[in-house]
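Below: the structure, in structure tokens.
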Amino acid sequence: MMIHEITPMVGKYKARKRVGRGRGSGVGKTSGRGHKGARSRSGFSARIQFEGGQTPYFRRIKKTGFTNANFTTKFWTVNLGAILDLEQFAKGGDVDQQTLVDAGLIRDMSRPMKILGSLGEHAEKGVQVKLNITAARVTDSVREKVTAAGGSVNETGTRRDNIRGVDRNSDDRTPKNLGKKLKRGGAKGKKKPMLQAIINIFRIPELRNKLLFTVAMLGVYRIGFWIPVPGVDQQLLKDFFQAQTDSGGAFGRVAQFVSVFSGGSFGQSTIFGLGIMPYISAAIIFQLLGSAYEPLKKLQQEGPSGRQKIQEWTRYATVGLCVVQAIGWMSFLTRSNLVYPEWANNPLWWVMAITSMTAGTIFLMWLGEQIDKYGIGNG
């Protein structure tokens, strides 16, 4: 055994206790700091009035007095004694803000000027010259001293005073005059809610464009009701419906009912005569089939893609219903001798009449989709 291989006996030397280093410190694994919270973090030092993160008490106390410091009116202040120290006012004169800017007593015209009553070295003698002071604000002591010496004080007030209608030169120095609040509208200037809502609509560009687009589409919709189907004697048709209505028969009542849903053009036999009713009927049919026909019910449950497919089938069904209704209507007009004889037996006229009324309904359906997309409301 060599000298450098000799080691001390086990237990002769003990490791120094490391206080504040986890489980081996003797005071627990967190060194007395706890498991959570700001105090368990290293380097923590609580500032004065720290309450653990909750809303401090001083922020819970209700604020009193003037709390809107960002809107305070800041003045350039000048003492009356400083004005009397100027040689140019040794014998009196007119005092205004521009004069004091030129004299170097105040910096510029960016703020209103307020004159205070401290006389400084002139306190014993007082004001012995005649001064005509014009300022935004003047203290009562200045007004008293200047007027006692034969001068005058014109208190113009700040911009806020002028808006509120405060007269600071009035003898009324009560809060009723000096503490007037801004009147934000009154009974005469109050607009009606409906009129105000319309005005607000036209102030928003996007809403204004949608409203104008909807009105334009409604104009196109009404124009189509004045375009008649060629070959139909409109005067005979009008007289026929008038006679049926006056008689009070069943046909007259049914015709009036159908005319309401077609926009009043059914009795005029226009290209929009069928109205939007074929599309509504097709939609109702598919809605009823969706609850009874299993494949269609599954298609409804597929989400947007299924509903889009049903919408496509509804349009196809609308075309079929339009053709059937147009054929029935043209047949009725022909049997009632309401079509010109030279047109009634022409197959091309039948194709043209049926196509025009079908195309009119399809156009109305497209017009409603455009209003849904670019206009206001459900087309």
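The backbone N, Cα and C atoms fix where each Cβ goes, and this holds for glycine too.
Lifted from TrEMBL, the feature list:
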{"type": "REGION", "residues": "18-42", "note": "region 'Disordered'"}
{"type": "COMPBIAS", "residues": "22-31", "note": "compositional bias 'Gly residues'"}
{"type": "DOMAIN", "residues": "78-153", "note": "domain 'Large ribosomal subunit protein uL15/eL18'"}
{"type": "REGION", "residues": "147-189", "note": "region 'Disordered'"}
{"type": "COMPBIAS", "residues": "157-175", "note": "compositional bias 'Basic and acidic residues'"}
{"type": "COMPBIAS", "residues": "178-189", "note": "compositional bias 'Basic residues'"}
{"type": "TRANSMEM", "residues": "211-229", "note": "transmembrane segment"}
{"type": "TRANSMEM", "residues": "271-293", "note": "transmembrane segment"}
{"type": "TRANSMEM", "residues": "313-333", "note": "transmembrane segment"}
{"type": "TRANSMEM", "residues": "348-367", "note": "transmembrane segment"}
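Counting same-chain residues at least six beyond the ends of the transmembrane segment (211-229), those with a Cβ under 8 angstroms from any Cβ of the stretch are 201-202, 263-265, 268-273, 353, 356-357, 360, 363-364, 367, 370-371, 374-377, 379.
Averaged across the domain 'Large ribosomal subunit protein uL15/eL18' (78-153), the predicted model reaches a pLDDT of 93. Secondary structure by DSSP for the domain 'Large ribosomal subunit protein uL15/eL18' (78-153): 28 helix, 18 strand, 30 coil. In terms of DSSP helix, strand and coil, the compositional bias 'Basic and acidic residues' (157-175) has 7 helix, 0 strand, 12 coil.
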